[in-house]
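Report on the structure given below.
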């Protein structure tokens with residue numbers, strides 16, 4: 001046997017789930033408990049008290065129809081007299097049976113019960129002797145009565161009278177299971193458990209209280225401004241009476257720079273206190289959990305469908321119970337006629353029986369039907385609520401109107417349904433939950449936590465000196481820009497990298513030394529005052545992006561900008577067009593550096609043509625096909641087209657009359673026959689054709705008479721033509737990493753040569769004419785096949801850098817000591833070769849080291 005507590009446990013849910021139980025579910029749960037108690041009470045009464053008592057219907061009484069029907073109290077049949085001892089004994093048995101305690105027919109008689117019957121008979125016998133017998137003789141003994149009672153209990157009683165308690169119990173258990181199945185089903189239980197857990201944490205989070213309190217402050221101040229718009233500011237302050245609370249008289253800080261006095265109590269609102277680090281981290285974790293939970297739950301509507309299905313099942317169950325139960329109410333009767341066909345055992349065909357539990361069962365059944373009817377009406381109301389409004393959509397419109405978080409999104413599917421259910425419990429839960437759906441709220445939290453973590457002292461420790469000896473601060477992967485950054489007024493360079501929510505406030509105007517700003521994947525937003533400051537003071541801007549749309553619009557309006565570096569994909573719509581906006585407002589731009597994957601030179605570059613002096617395009621291996629826009633860059637003095645897959649020198653370059661420095665590094669140029677056209681570029685002094693596939697140098701290069709620097713390293717040259725050495729102004733010649741086998745003797749003609757780089761070739765002999773270039777300062781001869789260094793190297797008195805490492809030398813000439821400016825730090829050789837020098841030469845080469853050491857001491 002099970003207890004009531006064990007059965008009632010089917011209706012139990014976790015206490016935290018109660019927020020998802022609307023009033024009708026709670027009411028139905030209580031009704032189910034009452035129905036369960038009715039069923040268990042009826043079952044207990046039936047097991048302990050239920051029985052029938054039967055008496056035979058005498059044939060004479062039936063035929064004459066003169067005697068009334070045998071009543072249910074088992075009185076002795078009228079007209080019965082005990083004339084003999086046998087008859088007296090039978091009468092005594094009958095009397096003892098009638099007056100004995102009620103015995104359940106299904107339980108056999110024990111010895112104790114039989115002795116009680118004998119005593120009852122002995123007590124009753126004197127009475128019967130004194131009174132005249134008035135009953136009918138039945139000729140049945142006690143065992144026969146027990147047998148008849150059991151037979152008629154199963155044959156005469158309607159089945160509903162016997163099984164009503166068990167049916168009521170089964171129906172109630174089914175209703176209980178149906179009511180809470182959505183809490184138990186694994187696919188919905190996990191989501192509900194996760195939702196309730198997050199909801200509870202959001203409700204109790206200090207950040208929720210802070211955010212809503214700030215909203216209340218803002219609302220009260222807006223109301224005050226609306227009510228007292230004509231009043232003066234001092235009157236606002238004087239009317240504030242409640243200290244520490246955002247009263248209607250609280251003034252708002254405007255953007256005109258007006259500062260309120262510290263004496264005003266309305267400024268110190270308790271809700272504005274800074275969250276401690278632990279609460280801030282917990283709130284940030286909650287934002288992430290809510291975001292992931294929303295993405296997971298909004299994909300399906302399983303919880304909603306399951307709740308609808310279980311409600312429909314309960315409604316159908318109610319209709320079914322009501323229909324069949326109403327038909328059986330009238331069948332529960334106190335009197336029953338029984339014909340068990342046991343005449344061969346008892347001598348009687350028909351018996352009149354009484355059911356002692358009939359009245360009780362009928363009352364319990366009526367009570368059960370009443371409860372079922374109430375339960376059913378509640379189910380019908382639930383269905384009405386489920387289909388009256390679209391529960392798979394939830395709008396936070398009311399929350400948006402009441403708070404400053406106007407960006408709280410509407411939700412759908414199971415997420416929306418769960419919030420509708422929570423609203424039936426308490427709407428404050430969804431209001432507090434909405435705070436964690438707002439990006440504005442999340443950004444505020446990040447800002448508070450960020451400022452709490454990155455103090456002025458901590459930022460000062462991260463300031464360093466860069467290569468240009470400028471004070472630089474690099475912030476990487478933060479949630480925003482700390483306010484204390486703008487208190488570093490002596491900062492020269494500010495680098496912001498991977499800060500997606502970067503905002504530049506008006507406080508940046510305090511950074512009077514700031515001239516260089518780096519935005520690496522950081523689409524920063526600026527306030528109007530901040531923009532005005534940047535427009536007038538910023539000189540250099542680096543913007544690194546993934547898509548051209550990430551470039552902030554204010555970048556194109558910095559009229560005093562001198563240098564602009566754009567690194568990222570400038571193409572849009574599958575390279576069909578270039579998304580770079582107009583640069584017309586950049587009126588003082590001098591240097592434009594573009595590192596992208598262009599197929600043509602952007603036409604927008606011509607907007608800055610009148611004042612642009614340096615243009616750099618690094619193309620990351622994409623072939624640059626259209627270069628017509630370059631013809632309009634008449635004032636460009638330096639041009640770099642690197643990694644553009646150029647196969648020849650573009651003709652558009654020959655129109656740049658002011659060009660002084662041309663760099664075509666890392667292309668696919670094989671021939672430079674067009675070099676003769678450079679004779680029209682009278683100002684061209686530096687030509688860089690390194691890292692290409694050039695096989696030979698045409699003799700027409702001699703026409704580029706003003707050339708001072710020629711870079712041809714990392715090509716496929718096998719020789720140097722004599723025409724190169726006719727460039728009398730040449731100061732730097734770099735032919736490193738080619739396949740040159742010999743240095744022509746004509747090299748001695750380059751009297752102005754200061755830097756010569758032949759590293760990584762196949763040179764084995766150094767011509768004596770090389771040492772006529774007495775102005776040489778740098779001589780790189782490493783990784784060749786040189787076996788000896790002539791003593792004439794001592795003629796290079798201005799030599800400061802000599803590279804000989806990677807050759808076939810066995811000693812170094814002692815004449816190196818005559819190179820007075822050469823020091824050991826500028827001599828690149830193997831250690832064992834350095835040891836071959838005379839001691840005085842080594843001392844001379846080490847002189848700079850000892851001097852430096854002495855100065856250091």
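Yeah, the Cβs are placed from backbone N, Cα and C, and that goes for glycine too.
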220-250, 251-281, 282-312, 313-343 - the one TrEMBL records as region 'Disordered':
220-250
Quick one: sort out which of 6-26, 27-47 is the transmembrane segment according to TrEMBL.
27-47
Distal contacts, the transmembrane segment (365-387) - CB-CB under 8 A, six or more residues away
24-25, 27-28, 31-32, 34-35, 38-39, 164, 168, 175, 307-308, 311-312, 314-315, 318-319, 321-322, 325-326, 328-329, 332
Average pLDDT across the domain 'Disease resistance R13L4/SHOC-2-like LRR' (679-759), rounded to a whole number:
94
Going by DSSP, how much of the domain 'Disease resistance R13L4/SHOC-2-like LRR' (679-759) is helix, how much is strand and how much is coil, in residues?
17 helix, 12 strand, 52 coil
